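> This is the structure I want to talk about, given as structure tokens.
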Amino acid sequence: MRVENNNVSGQNHDPEQIDLIDLLVQLWRGKMTIIISVIVAIALAIGYLAVAKEKWTSTAIITQPDVGQIAGYNNAMNVIYGQAAPKVSDLQETLIGRFSSAFSALAETLDNQEEREKLTIEPSVKNQQLPLTVSYVGQTAEGAQMKLAQYIQQVDDKVNQELEKDLKDNIALGRKNLQDSLRTQEVVAQEQKDLRIRQIQEALQYANQAQVTKPQIQQTGEDITQDTLFLLGSEALESMIKHEATRPLVFSPNYYQTRQNLLDIESLKVDDLDIHAYRYVMKPMLPIRRDSPKKAITLILAVLLGGMVGAGIVLGRNALRNYNAK
């Protein structure tokens, strides 16, 4: 009984089980179909690689400009604002900030145009504002490198133009303020001179009325007041009036400092300033590997997909034959 049971169990096959050897035999017999499927898939992959647009990414790293790059701009700001001028470090941060904003705006514009272009700017190190990594995706390696350099220069020129315009506006405003200050000080000095002459003329009237022709006191600034000025005598007072009338206006040191500031501002030549809002840490690189399409990966996937499709055709065809035979 035990032997018979063993024989029966050994001959009992489950029809639902997959016979791997049988599958391999079927695939081997249908190898030409699989090979043809793989060849077709490879041909399609090669066709795709031939017509697909290549993508190459050129990258550059920038940071805030050096002190030497903004020396002229810093000097102009010192002339315009004097002691209130911003520090060099503040100017550096402001310039790279304006460059980053203008670059981001350009990237947004390129992304929204009909034929999109991918231009990006982002921090090189996470949680650090500087340096910045800028990149451009082009259809050729040389084109991506050239375009990135072109857009960086374009943004720098734009920022430069904006800074020159701001400087010209600030120079015009500073010149007007200084000219107004000079006019005010000149008016005050003229009024002081006129007041002095009127005071002497009034003292001369008193001296004539008192018939004082000769000095009755020593002429010292500490002793003489408006009330005792007539004691200098009419002769001295008449001479003083003539002297005061031809005497140039007397100004404070602040007046001459204001004039010097005005001359300095008027001598500024904004058009000659060469302002750069950034400095290269790494210039636009020439990419050596394209982003897409990847030839090796595409061909490998084509072989795998072609093989899978071919195997599916072989197994499906055999399954259909077996079904029809039943």
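Keep in mind that glycine also has a Cβ here, set from the backbone N, Cα and C atoms.
Not my notes, these are from Swiss-Prot:
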- 1-31: topological domain 'Cytoplasmic' (TOPO_DOM)
- 53-295: topological domain 'Periplasmic' (TOPO_DOM)
- 317-326: topological domain 'Cytoplasmic' (TOPO_DOM)
- 32-52: transmembrane segment (TRANSMEM)
- 296-316: transmembrane segment (TRANSMEM)
> Taking residues 6+ outside the transmembrane segment (296-316), which of them lie with a CB under 8 Å of any CB in it?
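Contacts of the transmembrane segment (296-316) (Cβ under 8 Å, skipping residues fewer than 6 from its ends): 23, 26-27, 29-30, 33-42, 44-46, 48-49.
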> By Cβ distance under 8 Å, which residues at least 6 away from the ends of the topological domain 'Cytoplasmic' (317-326) in the same chain are close to it?
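Same-chain residues near the topological domain 'Cytoplasmic' (317-326) but 6 or more away: 26, 30, 33.
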